[in-house]
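Participant: First the structure, then my questions, so here it is.
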């Protein structure tokens, strides 16, 4: 019988129960025992849901209090020295939270660990920090306790752990030069014995299968990392009394395929949604291994074409029999939990969609079809009818948008003058001091703001009342920025629920859910828009808010837009046309907004592209095509302004060395970036490339509630000035302030402005 399994399930809860419990605990409103009870209840509920859907092997270890990589670091005892962890004591929950956030209800505050994107997704993981002589030990029992929980509830647990090579590859350390540094492989001698001990612990618990995630096998790996695989897995297999399922996802294995097939594991999972590995080469080399195929898209929300999936796997099933397993392509972490909750989506659109729970039901339909179960026929027919209806729907295509997209090839992608001439005109218009200060855009979203927005959407406030409340918040934000003496102001984005959702609600072709939340990091959840059809802007989206803010001050106020690539990347995107076409439709809509902002007297316009790098294909051979259309879309949206209008962009959690030419090709007048957690290391790319335009390196980490020190920020900017001309430098936080409290924001920005003043005096 074909085994159905799941690589992971969303941990946040259908109504974000984990987020609410986390934040209550951090605020001191919930005891740790109460927080742990919430986590246990969510695990129990999610396991039951998966079992009801027909999952045979239950993933355990996909739950995490903040991030699964951080969770595994704590299990291994990988705790940086600044957190003062006793080398012989267990790593407790508050230490884990301090590593993630810089502080917790107990323990001394310290600088949080670096956070970065999980491959090409919008999820973030906490980067493990390794010393050159790093030791490892089992320092936390929670994973083993969860295995016992699952067994007690009658499930067959399949623990899920990061593979040792993926864990090292994703780590950093002062002695190591980037992800690919083979010097990290020297730590395997210390690491592998602990992995062997972990596997033995699982065996002692009666575990039959362990899922070891090695997603770096979909990357372009150096030879040294490829060669390490056989050595590592020989050692793991020789000690393991459980069966090992090597899981890969987010793409095909390419030249790593034969390496994976040679490993002494009992099963191999391949992503058949994003991967294109030749199964004709896999089967002859598979031996007696299990082949798990990820045939349900774990990263999007559209119904699966089950007929096509069956066509692809039926012959394989005939050949492999029970050694063919079925699963989603990757963890369902990247999907909302349950479509059944959605009571505001219209029935037509809803019939096209599938969330995590529904994806497991699709998996069960495939499994039933392979098993010859006639009971699945009606489900297959329902699926078939929904796909056909979507393809024929008049809501998908807009002839006017298609014509404008065709005409866009004739539009210029260049500013009127080069940067050196533009910046002189901009300085004359804006009259900014050296080391000008600004923020990235958003200010704290208070309870009053959220209540007003909720009441407005519920009809308890009319449009005029809501506008008045938002204008009061904007005025408050402008007053504070003037008091603290910032140079380029923002309106604070009080009216925006989310930097992508806000724009999607005002553009044609988008739809929104009520409960379609996915985890971005920690307690931060986002509700991605659904791009189901052609995109266009029916009317101005931000102009009146920006015009009002500018009327309150003589200082320049930035217009704030989210860029086309980021809107694309942070949405669930239609799968019936190339992503580049959808992105250009968004770019044309933003081009109209940029022009209207300029006409309204807004002389600084920021188009955020924090997701530009995460859109890179994982294989470098595919980068050029992506970067060509991504840069084209940004320029399509921005180049129509006059020379004295200053275009800003913002990027966060990015590494720039390998895409610096594309960043320069955007030709933004000012780029602000996240650098505080990396101690300005990211600026090396801009120095080595001789980046020509202005740069604002983030001087403090907004993800931590700790107050930034003036001297530390001055020191960071002095490091920046060693790498870049000081006349090109701006001073700003590393990201928006939406998630911070007002008292934290006031203290941090006052210190930041004082740092800028000290820099001016010293220059």
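Any Cβ shown, glycine's included, is placed from N, Cα and C.
According to Swiss-Prot:
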BINDING   16, 17, 18, 19, 117, 524, 525, 570, 614  5-methyltetrahydropteroyltri-L-glutamate binding site
BINDING   440, 441, 442, 493, 608  L-homocysteine binding site
BINDING   440, 441, 442, 493, 608  L-methionine binding site
BINDING   650, 652, 674, 735  Zn(2+) binding site
ACT_SITE  703  active site, proton donor
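In the displayed structure, how are the listed features positioned relative to their neighbours?
Facilitator: Neighbour list (residue 525 (5-methyltetrahydropteroyltri-L-glutamate binding site), Cβ cut-off 8 Å, at least 6 residues apart, same chain): 12, 16, 19, 517, 518, 519.
Within 10 Å of the C-beta of residue 440 (L-homocysteine binding site) we count 25 further C-beta atoms, all protein chains included.
Following the DSSP three-state reduction, the secondary structure of residue 608 (L-homocysteine binding site) is strand.
The C-beta environment of residue 652 (Zn(2+) binding site), restricted to residues of the same chain at least 6 apart in sequence and closer than 8 Å, consists of 610, 673, 674, 698, 734, 735.
Sequence-distant neighbours of residue 703 (active site, proton donor) (same chain, 6+ residues apart, CB-CB distance under 8 A): 101, 112, 115, 521, 735, 739. In the three-state DSSP scheme, residue 703 (active site, proton donor) falls into the coil class.
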Participant: Around the L-methionine site formed by 440, 441, 442, 493, 608, list the extra residues of the same chain whose Cβ is within 8 Å of the site's Cβ centroid.
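Facilitator: Residues close to the L-methionine site, other than 440, 441, 442, 493, 608: 439, 490, 499, 560, 606, 650, 736, 737, 738.
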Participant: Name the one residue among 18, 117, 614, 650 whose Cα is closest in three-dimensional space to that of residue 441 (L-homocysteine binding site); these are the binding-site residues.
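Facilitator: Out of the listed candidates, the nearest Cα belongs to 650.
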Participant: Between the binding-site residues 18, 117, 440, 442, 614, which lies closest to residue 650 (Zn(2+) binding site), Cα to Cα?
Facilitator: 440
Participant: Considering only the binding-site residues 440, 442, 493, 608, which residue has the minimal Cα-Cα separation from residue 117 (5-methyltetrahydropteroyltri-L-glutamate binding site)?
Facilitator: 608
Participant: Using a Cβ cut-off under 8 Å and a sequence separation of 6 or more, which residues in the same chain sit near residue 493 (L-homocysteine binding site)?
Facilitator: 441, 442, 443, 499, 502, 560, 736, 738
Participant: For a quick check of packing: other C-beta atoms within 10 Å of the C-beta of residue 608 (L-homocysteine binding site), how many?
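Facilitator: Cβ-Cβ neighbours of residue 608 (L-homocysteine binding site) within 10 Å number 25.
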Participant: Whole-number Å only: compute the distance from the Cα of residue 440 (L-homocysteine binding site) to the Cα of residue 614 (5-methyltetrahydropteroyltri-L-glutamate binding site).
Facilitator: 19
Participant: Under 8 Å Cβ-Cβ from residue 18 (5-methyltetrahydropteroyltri-L-glutamate binding site), six or more apart in the same chain: what's there?
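Facilitator: Within the chain, residue 18 (5-methyltetrahydropteroyltri-L-glutamate binding site) has Cβ neighbours under 8 Å at 11, 12, 38, 39, 42, 523.
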Participant: Look at the binding-site residues 614, 674 and tell me which residue has the greatest number of other C-beta atoms within 10 angstroms of its C-beta.
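Facilitator: Top count of Cβ atoms within 10 Å goes to 674.
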